[in-house]
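Over in Swiss-Prot, the protein carries these features:
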type     : residues                  : note
REGION   : 1-296                     : region 'Disordered'
COMPBIAS : 80-89                     : compositional bias 'Low complexity'
COMPBIAS : 117-183                   : compositional bias 'Basic and acidic residues'
COMPBIAS : 184-237                   : compositional bias 'Low complexity'
COMPBIAS : 248-257                   : compositional bias 'Low complexity'
DOMAIN   : 417-586                   : domain 'tr-type G'
REGION   : 426-433                   : region 'G1'
BINDING  : 426-433, 474-478, 528-531 : GTP binding site
REGION   : 451-455                   : region 'G2'
REGION   : 474-477                   : region 'G3'
REGION   : 528-531                   : region 'G4'
Amino acid sequence: MADQNTPGDKKLGVPSKTLTLKPRVETGTVRQSFPHGRSKQVVVEKRGTKRRVGDGAPDAPHAPEPTVAKAPPPPPPSNRPSGPRPSGGQQRGGSGVVLRTLTEDERSARASALADARVRDLEERRQAEEEARRRAEREAAERAEREAAEARRKAEEERHRHEEEAKRKAELEAKKRFGEGEAPRPAAAAPQPTVSAPARPAQAPGRPQGAPGSRPQQIGGPSSRPGGSQPGGARPAGPRPAGGGPLGRAPAAVAAGPDEDEGPRQIRRGPGGAARPAPPPKTTHKPGPQKQRGRLTVVTALNADDVRERSIASFRRRTQRLKGHAANEQKEKLVREVTIPEAITIQELANRMSERAVDVIRLLMRQGAMHKITDVIDADTAQLIAEELGHTVKRVAASDVEEGLFDVVDDSTDTEPRSPVVTVMGHVDHGKTSLLDALRHANVVSGEAGGITQHIGAYQVTAPDSGKKITFIDTPGHAAFTAMRARGAKVTDIVVLVVAADDGVMPQTIEAINHAKAAKVPMIVAINKIDKPDARPERVRTELLQHEVQVESLGGDVVDVEVSAKNKTNLDRLLEMIALQADILDLKTNSDRPAEGTVIEAKLDRGRGPVATVLVQRGTLRVGDIIVAGAEMGRVRALISDQGETLQEAGPSVPVEVLGFNGPPEAGDRLAVVENEARARQVTSYRAHQKRENAAASISGMRGSLEQMMSQLKTAGRKEFPLVIKADVQGSLEAILGSLEKLGTEEVAARILHAGVGGISESDVTLAEGFNAAIIGFSVRANKEAAALAKRNGIEIRYYNIIYDLVDDVKKAMSGLLAPTLRETMLGNAQILEVFNISKVGKVAGCRVTDGTVERGANVRLIRDNVVVHEGKLSTLKRFKDEVKDVQAGQECGMAFENYGDMRVGDVIECYRVETIQRSL
């Protein structure tokens, strides 16, 4: 270019010849060898870019240094000339004339704008510094990640290189071991001219630009044979040439040459990176018989467009080699967490461990136990096997399905006060239900059969002063209802012991005291019937001292209140004492959780189905909840209060009737709400299974010990009175069964074929017919079809409303099965004076009656020398050849015995009568 440019000369000078870039392509020809002596000449083109001196691979990017944001540059100078500001704050123009004076507002606005600008400047600077710091951290993390990836890549390449080296050594060793014919000859000293490929750089920085096209091309395999070096039927042990070499990379450009037998071959790169000289071309010679074996014919070789496919035999040999390597490789042991129940079969245990059942059985055999895969082993043995095989064990039990149902600890911050639960207990006819009626302003006594309580009931009463609700549970006082009283004491907070002032402490009063002590709940004594003229409350307090109940008036800590249910005297004070005791107990619970409760009573209602009276103790029971109680489950269809109102939910200490069970649960079962039906089915199936196992164990256990065998021998001849019992509620049925069980003796006992809740059905009649049993209905009736079937088959059905009438009738019927008692009544004695032998009659003894009377047909004993030699009946009694009915003392008569004639003079005959006396239980 000239030193000076002419402004008007803009013409571009173009040389006479167009400039072009010469393609840097290196070409050459190589000969590619194929199995079975075939070869092909190909042309290889190598394209790439030349490296300039000083070029190098770009260095890895470095994280920039954290930059500190600089303050923005000052604003450009104003076009107006800047002059000194006048002292008066006036701005002057170019001529020095004051244009306008700034007001105070404008000056304050300008100062505020400057302050805001400084704040923004500081904020932007801080954000820039934060962004620079984050960018530096991010780039440092990326750099560390790249370095780790590069290290992994290098390790992977090194591993692949070692694997290829080991594989190549193994193939060479196999070639030496299994090769046939002469050894390969050394390569010629003067190799054929080939296209020399540049050696591969060790690392990426030495690689030229355009790396994908600049790698050395590998056409032949590393073990390409020199001419005639391999036997006719042998193949090289290295990789096949058609695969592009061991690295599996295709050549940059391969074109088939016109002549397949001429031309040089490419230099092959070894695993270490150094170039090896290509072997000399194959020499053409006449193949011998061994060279010809296993090769293609000339026509097939000339007509083939591609290399020959792999033979089946070669594929099989390779498969066998791979199988051998796989067998030699030790598999990694899989350690599993094995869940072991209480009992498990060997096959199932092996499946859970992913082991062979044969190995498990072999392990058991080493321990001296012979088993089959279908045998059941216990959890301890299964745990030993699993740990021996290197697995971890998780022991589970069938009872785990009940975990989390009850007694879940609540957070103290979620609790709130609840109403107290009070159980009223006492002896029969001491006024428990009447006292509750007076508190509830109701009349339950008139609804009970016989005026006695035979059901457990739960009610809620509101205290008049505080307005708090108190839940009362009324229990029967009769001896037959012990289980009911015990159940009431378990779910209660306070026990109110009702004692009649005119009757004092009675047996069921003592039992109620024991129940309260066993439940460890406080007690309040209500001395009832103080309105009677013969009431003596002081005697009641004194009698309670004998049973370790010391009231406050006698220096104790038990509260006592004198009340009258008839006149409603001191009822307010009784409620006040109950509320005071509840405040002392500080009763709290969590209502915002799934409900828990206790089944107080259960029955089978004909119109509503199974109905259970439930006392909710924790949480809230809602309509639609899935509930479990004992071996029964269901979904809550309705909640009915003690007043008959339908509720949507019931909180703690609220008694409700629950509808929706599949069957009536047993009284005393705990109720819980579960999350779904699947969990409910698991719990109920487990409990039903436990109940069946317990029943089977009780039956099989009766044959266990020697004492049980002796008791069975005693009861082997015991008579049984079969019964089918149906009751209205579970509690009454429980009381009936307990009372009938007490009636049994060693000679006779009641056999309960079936006991259930609900009306009498046809199936009950059919069952009773099969065992010739009686049917008893307590507060229930048989339906029309069952009554007709019982009448047709002669099955007796008896109905009762009072439990004592039922027990008395069954007792009388069972007494009829007892064997009667035989009692002897002495009539008289006679002495034999002479023995006569009469032809048609036999021997007849002539006797004199010494005392009493001898009657014909009475029982006699023949005594000889104070030893009884015969017992029988008197068949003939005559006096002077006349048959007489009896003979008095001092008279003589003739006697003959039935089927006996060995009578001697001097023998004594005792005459007695046997009386049959009917026994009773």
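Using the three backbone atoms N, Cα and C, a Cβ is placed for every residue, glycine included.
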Beyond the flanks of the region 'G4' (528-531) by 6 or more, those residues with Cβ under 8 Å of it
430-431, 434-435, 498-503, 537, 562-567, 569
In the region 'G4' (528-531), how many residues does DSSP call helix, how many strand, and how many coil?
0 helix, 1 strand, 3 coil
Here the 10 Å Cβ neighbour count for Asp429 (GTP binding site) comes out at 16
Is it possible to list how many residues within the region 'G1' (426-433) are helical, extended or coil according to DSSP?
2 helix, 1 strand, 5 coil
Other than its own, how many Cβ atoms are within 10 Å of the Cβ belonging to Lys432 (GTP binding site)?
28
